[in-house]
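Visitor: One structure coming up, written as structure tokens, with questions to follow.
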Ligand code: FES
């Protein structure tokens, strides 16, 4: 057996647009191929790429192609009137054969293994969900998708998904036919061993968060669209944690909790539920800004940012280091 | 893997006095019948494996609480009574739980350290002047009853009914045997006093009780639910903590090295308490109802049957904790033990119980150089709780 070191993906990948398709009104879907003819680095459902449209215009788009086929990548771009230039640029200036510089795929919205999944997509928020559905299906998991949009002709991939998985698993809810997604009906009853993955506009995600209050913490995973591009928040980027009592500094990887990383270096943290529910792992913050993901602290405590639950909470987007009293 | 859908049939009665007073040899035998087995005495399925217990506790859809925590399905009882939070599934449970966690959460519990500390210092100051004492009757039984009812805000009068009432509530998670009957001998008196203490008018303005009632005004819960939630706090918040303190001391009295280490580093007290709770879990067992046909630990469970969840067995399962599962190990990470339950119904009062235990233990560590058993501990005969009636210890005071 030979062991090869993982190859570091290049920061910038030069690509050529293979095809531009229009899967719905106002949505362009770009298929990218590497300029050097090689395969793209492998990626997991939920990943996105940075697309460098010009030197100072970069946008993030979720990948919606097949994780098994690395010869191409596919993204979907909605043209929005309030776009800060990104979607208009894509729609107006790009066509088959255009060159595009992108980053290697990164994943801030990873699909965690679970027995059951509930997928919720609003509009173009369907894109990161598509590879997730395929992964859930391939793993034989129980899943259902609720996909809401204004009308069918604005909902990218709706028909194809319905045809692929059937309308039992793929529930298309077009506003002009049957009104909005009835979130109280869909999320009213918390379910066991089921994770919720939701992607869509801020308004929809706010409502989803409200309805998920009674669910086990950690059940809900969201990715927000801001204007025409992926927004910040729900960040799973790696960050550093310094333990103030011992001076040890460690890295919390994207697929790790602070608690796991801290235990790995042998420091002791009392914990119980490991799910952000019980409050046992409360840890004092010396410096840095957390993103609270627990259901234990009150809102006032969360706003004060003096303590955090290290079993689920992470560093806030843009905060690269937390110093904790451990 | 071979699939065995027929469980082993286990004949001994888990509610027999011998199994209760010395539970661990019994649990070893039960575990040998597999992680899930059939209990002939009760007609329910015993769940002893850590993995399987964890599964029952976290899959609230398959293993419903709405049938109650006792051996009978309370929904089939003639006299319907409104379900307590422990006997509820989502969505009713969701609202009640939210009302409670709004009131009891890390922030509100942090504020209790101040008022909870002086009584512990006072009690342990006095005990440290003696050459020995009873860790249960002189300390464990005295402390929670001094601090917890105040935190809830109930009247002084009638507090002597709290312990017998809690005793009733928990014993009802087992069968109606003579232990149950003893606990319920004066049920009406205890119930009446405790229920009256849960009413809005009985509660002072500063305690958790009043804050729970405030959620009625918000429209989150009904008045009846508020009464039930305050009652749940009172019935679950005293005995279990008494047993938590007593059981921790029963373990540590036999661990002189750990005691010495803790005296050097009293900030580690919480880890010792956690490991002691794993080893001597106050809440040993209760039932859930199977809501749909399912399979657990290779055994088919039909819908409608009861499973008896042995928290105390899961917490000593060698598959999870290793070959020394029945030993106290200060260095072990006891994280994940199910002494407080797990999942949606995990003990809401956990941070309060941990706070009380830590305050008492740290006060004792400061004042007591060595502690050792001074005779046999007398186990309490209780259907589902594990604890001691008496736990004599000798001590040498710290200089
Ligand atoms: S261990 Fe329960 S909140 Fe972190």
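Just so it is clear, glycine is given a Cβ too, placed from its N, Cα and C backbone atoms.
Straight from TrEMBL, here's the annotation block:
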DOMAIN    A:9-112  domain 'FAD-binding FR-type'
DOMAIN    A:239-326  domain '2Fe-2S ferredoxin-type'
Visitor: Taking all residues of the domain 'FAD-binding FR-type' (A:9-112) together, what is their mean pLDDT?
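Guide: Summing pLDDT over the domain 'FAD-binding FR-type' (A:9-112) and dividing by its length gives 89.
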Visitor: Please spell out the DSSP helix, strand and coil residue counts for the domain '2Fe-2S ferredoxin-type' (A:239-326).
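Guide: Helix, strand, coil within the domain '2Fe-2S ferredoxin-type' (A:239-326): 13 helix, 26 strand, 49 coil.
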Visitor: When DSSP states are grouped into helix, strand and coil, how many residues of the domain 'FAD-binding FR-type' (A:9-112) land in each?
Guide: 8 helix, 48 strand, 48 coil
